[in-house]
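First the structure, in the form of structure tokens, and then the observations on it.
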Amino acid sequence: MASVLLPLPQVFVLFDYRRSRKESSFPRAVYNSNSISSNSTNANHFLRRISNFCETGDLDKSFRTVQEFVGDDESSSDAFLLVREALGLLLQASGKRKDIEMGRKIHQLVSGSTRLRNDDVLCTRIITMYAMCGSPDDSRFVFDALRSKNLFQWNAVISSYSRNELYDEVLETFIEMISTTDLLPDHFTYPCVIKACAGMSDVGIGLAVHGLVVKTGLVEDVFVGNALVSFYGTHGFVTDALQLFDIMPERNLVSWNSMIRVFSDNGFSEESFLLLGEMMEENGDGAFMPDVATLVTVLPVCAREREIGLGKGVHGWAVKLRLDKELVLNNALMDMYSKCGCITNAQMIFKMNNNKNVVSWNTMVGGFSAEGDTHGTFDVLRQMLAGGEDVKADEVTILNAVPVCFHESFLPSLKELHCYSLKQEFVYNELVANAFVASYAKCGSLSYAQRVFHGIRSKTVNSWNALIGGHAQSNDPRLSLDAHLQMKISGLLPDSFTVCSLLSACSKLKSLRLGKEVHGFIIRNWLERDLFVYLSVLSLYIHCGELCTVQALFDAMEDKSLVSWNTVITGYLQNGFPDRALGVFRQMVLYGIQLCGISMMPVFGACSLLPSLRLGREAHAYALKHLLEDDAFIACSLIDMYAKNGSITQSSKVFNGLKEKSTASWNAMIMGYGIHGLAKEAIKLFEEMQRTGHNPDDLTFLGVLTACNHSGLIHEGLRYLDQMKSSFGLKPNLKHYACVIDMLGRAGQLDKALRVVAEEMSEEADVGIWKSLLSSCRIHQNLEMGEKVAAKLFELEPEKPENYVLLSNLYAGLGKWEDVRKVRQRMNEMSLRKDAGCSWIELNRKVFSFVVGERFLDGFEEIKSLWSILEMKISKMGYRPDTMSVQHDLSEEEKIEQLRGHSEKLALTYGLIKTSEGTTIRVYKNLRICVDCHNAAKLISKVMEREIVVRDNKRFHHFKNGVCSCGDYW
């Protein structure tokens, strides 16, 4: 723009001068749409035809009709006004439909008539049309061609820049107007200028404009006031915005919506709804009932706070006010339901919406992506791409879909998406290119990640962060450290995101030395002030097991955020200290810190690891007291916690009580049934899940396979493994194969299990799979295979005592005592010790522990006495000590005596002594329950008429009336 503009201080002087002048600078010739004579039937009919054509979108027919009426410049005044009004309707329709080609045809038609092109009203309409079509340069061209410019035309061009978010140009034009003309801004000018100030980082300019508003006496104007409220809210000055709102002499619905949005955007969720209630209470006559803009403003609050109840209430208002057909509102509702974990509700709205736009599709793609549902994400995406030319995917679509490809099994889908993006030239967008770099790295396709990265013309810190972050989350995080060195060579310095990725890589590598180097760089460059960086440092030391350092860093934090508390709780949990994790939780409660759903997840996780159903119930009570029970994360954690504490009935109650079931909640319940060996229930729930429209994911199949494994359903387990691959396109991981191999091995199909390892698995078998095979070799006394598997285990984990114990037990079962002695001698030479069997039971808010063979504990004589009675009773029912469970070369009498000292028997007997009749006994054991204790517990449950629940390190056993839930298959 070639113009010499005055700085703002001089502009103030000009304003003072102009306001002292008597004459008004405002033009008086205002266009009046009623200027056509009302008794002109033909004229009215003509305008109705034009209006109808515009409403139906038939702009070509409308244009041809108007074109016939454009005559010479000497036509009558009435005819001229008629044509002008018709052209105005057509220009407005072209702008609404963003039909710039039609707009240009009209512009050309107007330019051909001297009288039309000199008409102020039409010129203003043309400027506005180009603005609506997203072409502010054309608006400016028309404006600059005007010989004389009135305020409406200045407002139109300022509005054009504002509408298209060219905020620098807005201010330049505004200053040009007040510097070079005698015109004073009005209540149409200022809202556009103030909006521009809101979109700029320099708050001072907005404050200066506010000063001009005060000088011109427009501060009490409702339109200007609304703009100022939004300006202060956008820059985070919530108190100032509220003060302006409170002193407004007149408020319209936009005023209320603006203030509600200020609260919403600045995280004042409760205040948003309180103000909404105040708006409706003050105007009970319906004058200010919520409109689409109101509801669209409060829905993100519901999503952010995961307040599904409030979200449904807003949805109810939409239906009641008959706004539920509005596209923008439906899109907001879909977004809210998706972010609250209710993807099914979002799908229902999506399917019922016949007028979908790209935002609708993007919302659904993003919803499935946020759930980690790759199958659902690509289903919606393919439907969108198959829809023809009506709706086209854009960069946002790709950015929503790409993150869901985070594993090598999703590489084909990622490549498919990449091809489409290349064809549409989306990859030239830096954000899209960065997303592909990160996802290719996460999927392990480093060559593709590098190829996309090198294709970025101008690499920024963000580009390097995408590569470094992707490598950090890949199977080889060392590559992120190499990329960091290349970044430094290129002359770019790491930022907060870079160091967070590097810390993540060090955490995965458990490299304390490298992590400390990164921490040193952070301290030297004052990056510790960034909360995310500080939390990443905490996470590093947590992964490296440096809990003293974690506690010291946490204690040094002046302002402890909720996330920092959660990080420390999770850290103790990950390092096997659930009691300390609960101690931190108690501190939070004492300090009055309000926990959210996500915060409670590690608390329930800690309760799952401790032998205390009581603690879990207390945590549940806390969630109920603070109205967190409807949170999707809480629901899943509760289901999991009760299942792992042996109360599968309570898990089922929580699940069945959910109003909205997410994929995660289905998975938690299926896995709960799985670890309890309730295969029929797990399979039934799996089928019901699919009927309700939820797509199973890899965790769903893990739960089903676990259930089949614990129940010995080999045929069904293999069928579900095949279905996972063929029907759902999911690639089994090591956990899935571990279930299948354990299932085959315990059924005696050892050769088949070994073939699965050798032929079907794309990854190298981990120690868990080899341990499972060795355990199966022990059960079925397959010495040859057992020794080969043990050799593999010793190669992978040479210092794990349980590997030697498994081999020793195999030899003992075959009576090869000399080999047993050699294995134990080798363990002694390596200073390896077998974990002693230990069991726990909670009684009267205390946890009692029992170690195998322990004879010096309080109440031992009482335990010994009751066990003698119990042994006598169950012997009459057929109990015979299973001395094969003793892995030592002893006499039969010595073996029987050793069986009596097993920790689960001690805990069970003590529980019977200390509890009243009919009470369920819950025992927790660190190792797998032996055959002898299993047989004894079954018969004791019948003799004593008690339900006994034993959780060992593999699964749950529910003993009742002489029967175990595992069906003697474990």
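Keep in mind that glycine also has a Cβ here, set from the backbone N, Cα and C atoms.
Because the structure is a prediction, the values reported are computed rather than measured.
Here is what Swiss-Prot says about this protein:
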{"type": "REPEAT", "residues": "119-149", "note": "repeat 'PPR 1'"}
{"type": "REPEAT", "residues": "186-220", "note": "repeat 'PPR 3'"}
{"type": "REPEAT", "residues": "221-251", "note": "repeat 'PPR 4'"}
{"type": "REPEAT", "residues": "326-356", "note": "repeat 'PPR 7'"}
{"type": "REPEAT", "residues": "357-391", "note": "repeat 'PPR 8'"}
{"type": "REPEAT", "residues": "394-428", "note": "repeat 'PPR 9'"}
{"type": "REPEAT", "residues": "429-459", "note": "repeat 'PPR 10'"}
{"type": "REPEAT", "residues": "530-560", "note": "repeat 'PPR 13'"}
{"type": "REPEAT", "residues": "561-595", "note": "repeat 'PPR 14'"}
{"type": "REPEAT", "residues": "631-661", "note": "repeat 'PPR 16'"}
{"type": "REPEAT", "residues": "662-696", "note": "repeat 'PPR 17'"}
{"type": "REPEAT", "residues": "697-727", "note": "repeat 'PPR 18'"}
{"type": "REGION", "residues": "770-845", "note": "region 'Type E motif'"}
{"type": "REGION", "residues": "846-875", "note": "region 'Type E(+) motif'"}
{"type": "REGION", "residues": "876-970", "note": "region 'Type DYW motif'"}
Residue numbers, six or more beyond the limits of the repeat 'PPR 14' (561-595), whose CB comes under 8 Å of its CB atoms: 531, 534-535, 538-539, 541-543, 545, 547, 550-551, 554, 602-603, 605-607, 609-610, 615, 619, 622, 626, 628
Closest-packing stretch to the repeat 'PPR 8' (357-391), where packing means Cβ pairs under 8 Å, from 119-149, 221-251, 662-696: 662-696
Top Cβ-contact partner of the repeat 'PPR 17' (662-696) among 221-251, 326-356, 394-428, 429-459, 530-560 (pairs under 8 Å): 326-356
Long-range Cβ neighbours of the repeat 'PPR 13' (530-560) (under 8 Å; 6 or more residues past either end): 496, 499-500, 503-504, 506-508, 510-512, 515, 518-519, 522, 567-568, 570-572, 574-575, 577
DSSP residue counts for the region 'Type E motif' (770-845), split into helix, strand and coil: 50 helix, 6 strand, 20 coil
Helix, strand and coil counts within the repeat 'PPR 13' (530-560) (DSSP): 23 helix, 0 strand, 8 coil
